[in-house]
């Protein structure tokens, strides 16, 4: 059972104000061993993880201060976190650590901690192991003591914390570096309460000088071996020192390696702990044991089973750091260009291109001083090479690969297209070509020197790294074929738009660990979904709310129409009294009668309504929380509201605001905010203020808020007196009178005030309204487009050479950033991240540039203008050709017209003769009709009597049929309207996607 996350947040807030006070105690490498065997319940294991999270928050975790690692063990080591200084990464990994199984084997946890210090520990930095567990089984005490003694010899200080009332105090004290470094706690809850004291415990053991007696023997820390620059691991390099330096710890270590060696023909071969790529050779020379450390060839591991070096993919080394390492790559110390890349949990050797070096956390970067060979050549492997210029190509050339590298351009490769033809291709941004893999599998970005530029880049077009118009599912239209993940197809793509339901998002893993450069531009078009989740699935509640609102409005209208009631207002109770008996409660819209009330407590109802209003305000505030549009960090948006990897880019949106958060590589954080209520108002300043400092409208009249009336100064007659305006409401305020403005076509009062424009309208909307007012008639297609544009917003973030600009529609905010944008390893995430609510709504387009596009438009209108110009010229040429044909046709038409007019005169003469004959025959017909009419009227009376009798019986059936037919008609109308809406959406989507396809094709052709 997991502990509620909210309690964790409160505990963290209370604890993390302590910290480490002394500067001497702020630098150390700490590994925590946690006993999570079958003796520990799932609930207690969750409490241990809570304590670890609290400790991560309380310590000064940083790459230059305290680095923390963690090991959980049962019968075997389960999960381990390498030493690192990333607080967010540690918190994320701790929360998702799994509980191991089996009986407790604490010596295995201690051994894993020793290997971690040997491979990743810093030089001249205190190494601390915190052993956290319960009672130790007697059979495991000896093995644990042996590992503890080895840790002391390697100058690792052990802090022991015993949990539970059954722990043996003597055993815990014997494990500790000295008795003062042993602590006892009742249970996991007691550990949580005392976790704030752990920084003091660490400071105490860091300052400890001399170890005391442990296990009946004195154990002195081994002397450190100077192995070169700071930051290198002393574990393996200490074994490489010459035999002249007879260090006791070195001899013990090498002796242990030879004890476990496999002997073949008088030579022993043994593996080296934590170094899968190394082995030791043991030989008996003149009665003494000679030890020689060897390294496997590039990209190979030592296989104890085969007693030889094999490819890393063929050997399952238990000490392979890729089994527990979170980063995708790490340093390989055989060359400045070499590094290990994690693939499917195994390490694979890779080389950076020439002129580049591997830098941990960044990948391959430009380094002209790195001129080492990669793979390095072993002794005796020197063959006759053709020339120095071809060395790099020969090293990275794979004869079984149809692709070849291009010298000086690691971001490109050649592909054989038939015969003797080779064509150049570009790798995906952020990757470099590897001949060994026959693919663009190297993480990094190639950078060219200014000296080698041939001037071609001056006219290079800034191309998007990602362009998602959502026309063909999640197809990237930038030409880079970027893969976009849609887990579970939770994001719905339809009609050229993507719908996010508030619990889904898109992920772009390609941008993980890729340097962004000095310029980044992101642009998105979106529309928020205004439906409330709680009311969306509660149709009955919606119907009740609508019904009550309609009843309240109708009742108030009926009351206002009654002139026999006198309105009174009681300001103290917030009620409007209609007469002596009736009371209207404005909040509920219901009429109350004092005589039937029976002593109703209006104050109590008012308080109840206030509480209801507060709840509604809380729901409204919750709905106004910012939602994430895009980020490049991995965050938890539902539990602790914390980021495991803090994003360096985050764009959020609210109903009236937009936020932009940017973090540089220099740890400079900049936050921009665009708030419609505070920034970016559009004021109409054409009419200045009047003498009283108030804004005048267009006509110079003083506006007022009284139901469409406005103040207008009275006109003067010839004698200087005010004219009487019929129908105007006079007023005795200095020659001004009230005048009601004429209603518009919709029955609404026109607004005469122009002091400032509506802050919800953008400048583009105002311009479009003015243009529509100048046009004649209405354009249905244009109205459809305007309806489709309602609610859509455009947000963009531009970072260029240290300058930041965030914009939403026509409002923007600017600032300055120190350094380049920080690289993250979470990729880009659309619709989620940054510890905010997931986005709920629609997205129309998404652009990501790693350059400065200059203009914010994705594809300029220049292409369309060119097409229009070409079409105009073609139309002119066609008109000239058609002109000659038109003249000949006109002559023929005039001749035919004369013949037609002659025939028309003959036709009119024939029609006059026909009318004469018709009048003569009409007289005879009327006589016959009068005679037959008498008989028909008699028969008609009989028919009416029968029909009346039948209508009495059929009236009920007709009403039922009418109701059914009306219901069917309404259903058909609704279905037709729905089909029309879907057809409109489909047409708009096709129009948009046709435009996108046409312009993208032109852009790719130009590129």
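Every residue, even glycine, has its Cβ placed from backbone N, Cα and C.
According to Swiss-Prot, the protein has these features:
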| type | residues | note |
| --- | --- | --- |
| COMPBIAS | 212-222 | compositional bias 'Basic residues' |
| COMPBIAS | 380-396 | compositional bias 'Acidic residues' |
| COMPBIAS | 588-625 | compositional bias 'Basic and acidic residues' |
| COMPBIAS | 651-664 | compositional bias 'Polar residues' |
| COMPBIAS | 676-781 | compositional bias 'Basic and acidic residues' |
| COMPBIAS | 858-876 | compositional bias 'Acidic residues' |
| COMPBIAS | 877-973 | compositional bias 'Basic and acidic residues' |
| DISULFID | 296-309 | disulfide bond |
| DISULFID | 352-364 | disulfide bond |
| DOMAIN | 29-202 | domain 'VWFA' |
| DOMAIN | 255-372 | domain 'Chitin-binding type-2' |
| REGION | 212-244 | region 'Disordered' |
| REGION | 377-401 | region 'Disordered' |
| REGION | 588-634 | region 'Disordered' |
| REGION | 651-792 | region 'Disordered' |
| REGION | 854-983 | region 'Disordered' |
| SIGNAL | 1-22 | signal peptide |
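The DSSP breakdown of the compositional bias 'Polar residues' (651-664), given as helix, strand and coil counts, is 0 helix, 11 strand, 3 coil.
Residues 522, 524, 526, 528, 623-631, 670-677, 793, 795, 797, 799, 804, 806, 808, 813, 817-822, 834, 836, 839 of the same chain lie 6 or more positions beyond the ends of the compositional bias 'Polar residues' (651-664) yet place their CB under 8 Å from a CB of it. Regional average pLDDT for the domain 'Chitin-binding type-2' (255-372) in the model is 80. Under DSSP, the residues of the domain 'Chitin-binding type-2' (255-372) split into helix, strand and coil as follows: 11 helix, 59 strand, 48 coil. Neighbours of residue 352 (disulfide bond), defined as other CB atoms within 10 A of its CB across all chains, total 27.
Summarising the environment of residue 309 (disulfide bond), the number of other Cβ atoms within 10 Å of its Cβ, over all protein chains shown, is 19. Comparing Cβ neighbour counts within 10 Å across the disulfide-bonded residues 296, 364, the minimum falls on 296. The two recorded residues, residue 296 (disulfide bond) and residue 364 (disulfide bond), show a Cα separation of 24 Å.
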